[in-house]
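Novice: For reference, Swiss-Prot lists these features for the protein:
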- N29: N-linked glycosylation site (CARBOHYD)
- N36: N-linked glycosylation site (CARBOHYD)
- 66-86: transmembrane segment (TRANSMEM)
- 103-123: transmembrane segment (TRANSMEM)
- 160-180: transmembrane segment (TRANSMEM)
- 182-202: transmembrane segment (TRANSMEM)
- 209-229: transmembrane segment (TRANSMEM)
- 241-261: transmembrane segment (TRANSMEM)
- 318-338: transmembrane segment (TRANSMEM)
- 354-374: transmembrane segment (TRANSMEM)
- 395-415: transmembrane segment (TRANSMEM)
- 424-444: transmembrane segment (TRANSMEM)
- 456-476: transmembrane segment (TRANSMEM)
- 486-506: transmembrane segment (TRANSMEM)
Amino acid sequence: MSKEASQDSRSITPVEAVEPLEVVDAEKNVTTSPYNGSGTVEDPFIVEFQQDDKSNPMNWGQFRKWFLTSIVTFSVFAVTFTSSAYSVSAEEIMTEFDISSTLFITGVSVFVLGFAIGPAVWGPLVTPHDERSNANRASLQSTRSELYGRQMPWIASHTAMVAFMAGSAGSPNIATLIVLRFLAGTFGGSPLVNSGGAIADLFPPAQRGLAMTIYCVAPFLGPILGPIVGGFATEYIGWRWVQGMCTIFIGVIGIIGVIFVPETYGPVLLQRKANALSKADGKVYISVLQKNQGKKQPSEVFGRALIRPWVLLFREPIVLIASLYMAIIYGTVYMFLGAMPIVYNELRGWSPGFGGLAFLGMMVGIIIGLGYAIWDNNGRYMKLDPSKRTAESRLPPAIAGAVALPIGMFAFAWTNYPSIHWAVSIVLSAPFGFGVVLVILPIVNYLIDSYTVYAASVLAAAAVFRSIMGAVFPLFTSQMYHNLGIHWATSIPAFLTLVCMPFPFFMYRYGAVVREKCKYAAEAAQIMKKMQGR
């Protein structure tokens, strides 16, 4: 073995070390872990994870799990950071390419539009874990994940993002810049889908709360921190190096992931184990997934995965309203990328660097919201009797967040008069950041608990919907703020969140009844009862 291979085998299971280790485990399992079947073509051995199986990612050590979680979460943060860091380079790019503010902000919109395409394409290829719940891996729905897993999309997407972002840094004109940012955003959709699935691979549902909470904050903290860092970077090193900085950030995370993050997707690991066992003793082994899914054509599987999210979105009222609520919030976050430069750079004469600091209030609110969400999960939800936990048990933080959202937005809108100190409006934007976290996280968990076996499709639909809104909102921000004024322009999305505010209250009180009347929610509940032997 080479020196490099020796070093790799001592690390936290890099990609190169996975296969040999799995073969060794597989060979041991031939004698120590009997499988159902006879080992013939007609009656093959059925390979599934054994109790305390070290090849099962859920049985890996806590340090290793959290190390991998931090890598995939930083990947999401890097992508969303890149989406917004561009937004504070307006003056320099508009001057260099002689373009309007609307055409400039299109560079943000197309990047986020790529996120919308991401779940639609990457989701069927790398389903965000299973749609049959961890309660029974044998019930996994067939997707093309068994062909690609999570590792190959990670390598492909990060490589492509680095290439397109590097190209954008050298763009000779605005058309090239916009096209390359769109392509970078499309490949950036892969980490948004794949990272959450990797966390679900590592942690069983009862232990997943904290990891998913931190992961779910990354898509909102990234867009807020992007302008803060990008503003000063633009001022001192120019907009091209802002794109270059983002390229390096994504590239470093991608390389770290290639080195340290092994394949975590259960069906792929079981298939590899079955192949290794077959080679080891010449008998026939297949994974439990192969046994249960039958011989389905990839085209059939891919088509179903593309259609199901839209069926759930438009046929399930819970999914539609929850997705609309989250989309309005997400769109508003990206609206502020165009609004803040108008409010502080244009009207108060701030430089790009100091203009980016206007996002500090929202950032503080997001961090406080994250702390509150962790406290609520550990101090309230986890102390509930497991037999009495319902999907609605997730919603109390969303009630607080639903109130905080319009308060923060109206306060920000009407404290931006020149006669009022700038610090007031920035401080009062914190409730908006607080509300973003406390509405999004509980609603995501509510949808997962309500739709269990269909959770991946539900979340894919919600992700596409909110990304479209995130792409559209910035396009009319400049006209809206210049025509209506900064006070009323900010009040419009505030009124939208006010209209949506009753949703968490209503679902907390009547959600169980509504779920019984929704076809797929009721079906998911029945499937879970059968899987759990109830």
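Glycine too: its Cβ is placed from the backbone N, Cα and C atoms.
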Novice: May I ask for the residues of the chain that lie six or more residues beyond the transmembrane segment (318-338) and have a Cβ under 8 Å from a Cβ within it?
Specialist: 84, 87, 101, 105, 108, 112, 220, 223-224, 227, 312, 359, 362, 405, 409, 432, 435-436, 439-440, 443-444, 446-447, 450-451, 458, 461-462, 465-474, 477-478, 481, 493, 496-497, 500, 503, 507, 511, 514-515, 518, 521
Novice: Near N36 (N-linked glycosylation site), how many other Cβ atoms are within 10 Å of its Cβ?
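Specialist: I count 12 other Cβ atoms within 10 Å of it.
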Novice: So if I exclude everything within five residues of the ends of the transmembrane segment (424-444), which remaining residues of that chain have a CB under 8 angstroms from its CBs? That is, six or more out.
Specialist: 212-213, 216-217, 220, 224, 322, 325-326, 329, 332-333, 343, 358, 360-370, 372-373, 394-398, 400-405, 407-409, 411-412, 415-416, 459, 462, 497, 504
Novice: In the same chain, who gets a Cβ under 8 Å from the transmembrane segment (241-261) while lying at least 6 residues past its ends?
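Specialist: Residues 11-15, 67-68, 71-72, 74-75, 78-79, 81-82, 85-86, 89, 151, 154-155, 158-159, 161-162, 165-166, 168-169, 198, 229-230, 233-234 contact the transmembrane segment (241-261) from elsewhere in the chain.
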